[in-house]
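S.K.: Mind having a look at this structure? Questions to follow.
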Amino acid sequence: AGAVLLPADSRRFWTDAVFQSDRVGHAVITDNQSLRGVLARLLHAVDPGLPWLVVAVAVGVLGLSAAVAAALAGQRRLPHAPAWAALACAVTALLVSPVSWSHHWVWCVPLTLLLGAEAVRRGRARWWALTGLAALLFCSYALWWVPHSPGADVPPELRQSAAQMLLSAVYPAAGLGFLALTAAVALRALRKPAPYEPGEGPGRLPATGRNSQTAPRQGVPGQSAPGRTVPDQAVAKE
């Protein structure tokens, strides 16, 4: 509808403006909690350029691979597998995006809930520690403890110290940690055999119908051929 009503503006946006991420502000500002923002502050550059592209491609491939591994593990080998996969995709997108504002990290809520669910299921102290750490990082507002001024001509983030750069990268650091955790639990689950559904098991064959029974062996009355099933009518004819 927008393209029909405003064709010239639509063409300008989709062919030019959409690729100019700096139109929404400098990549270096603290508000930008993507890898591009982290690298801009680390390199003290308004635009990190090629280094960001290389890192974004690598993280994108590894993050989506972790999501695929979680999906392949499935609910039977990895409880909450769909949640692991979906959150891995979301966190990967936040990391590789040119601009991920701090409020885009609302995915921290289901992420923390997933860690809490795993802590309840596993009952291990380290999972409770991970849940608490995630809640602390996302609720601490640590990224706002550093000098920042989004409207400044020369962003103060260009003069951050090492400690300040660490604080202003707290969300991406948590995201990278979550992707590493997803990869670890998914690969471990994939190495385990899938548990059998009720009624399944080694050496058990599913029935072919409600009214099926094992056919007797030819020439040996009363004995059955393992694995061969025929309908009742066929048995009666024999």
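Glycine residues also receive a Cβ, built from the backbone N, Cα and C atoms like all the rest.
TrEMBL feature annotations, pasted as is:
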| type | residues | note |
| --- | --- | --- |
| REGION | 195-238 | region 'Disordered' |
| TRANSMEM | 52-74 | transmembrane segment |
| TRANSMEM | 81-98 | transmembrane segment |
| TRANSMEM | 104-120 | transmembrane segment |
| TRANSMEM | 127-146 | transmembrane segment |
| TRANSMEM | 166-187 | transmembrane segment |
S.K.: Is the transmembrane segment (81-98) packed against any residues at least 6 beyond its ends, judged by a Cβ distance under 8 Å, and which are they?
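M.R.: Non-local partners: 21, 27, 33-36, 56-57, 59-60, 63-64, 66-68, 70-71, 73-75, 104-105, 107, 110-111, 114, 117, 171-172, 175-176, 178-179, 182, 185-186, 189.
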S.K.: Using a Cβ-Cβ cut-off of under 8 Å, list the residues of the same chain that are 6+ residues beyond the ends of the transmembrane segment (166-187) and lie near it.
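M.R.: Answer is 30, 33-35, 37-38, 41, 59, 62-63, 65-67, 69-70, 72-73, 78, 81, 84, 87-88, 91-92, 94-95, 100, 102, 105, 108, 111, 130, 134, 137-138, 140, 142-143, 145-146, 148, 157, 160.
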